[in-house]
């Protein structure tokens, strides 16, 4: 019963980790971190990401342009690039290490201590990936809120709002952190019993003598 529960916990943690890692990768590269609707031209929607800015027109035409210079970006976007790339790398490494420590796999099956180390290391990596995803997404969202409610900016100036990637990044970070925590908690030390030495194969007559069936002198002539 306990073994089945641990296997289910590891499977659920691995599923959450994979969903979180894929969502984090999508969040990193889609230009949907911020949205801007122009009052003068409502037919255009501006979308900003970590790598490029896109303009979506009413006809469905999308024009994207990469950011001119990395150093010219705001600090939150520069650091968010680095943190999101780091999160993707940590998430991939965590999934690989956690997969080696799953109970259903035969990798290092004869070394339960090593499998536990793999599972713990994978869980820690995934937890760090979740943190490095939540930090940049929350930072960009916080600055977006500050800019939106900035009273020094005239009301006629368009304001950036949350994009779809912001919410996807929050879900990705939560999935990575939850999956890593579940995998780390499911890493338990399995004590394997020392295998008993194989029984000596003896002849049936010898086994009978060892079992206490001794020949008495009075029956020796019958045996002969």
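Including glycine, each Cβ sits where the backbone N, Cα and C put it.
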The annotated transmembrane segment range in TrEMBL, which must be one of 118-142, 193-217: 118-142
Sequence-remote partners of the transmembrane segment (118-142) [C-beta within less than 8 Å, at least six residues beyond its ends]: 10, 13, 17, 20-21, 24, 27, 33-34, 76-77, 79-80, 83-84, 86-88, 90-91, 93-102, 108, 162, 165-166, 169-170, 172-187
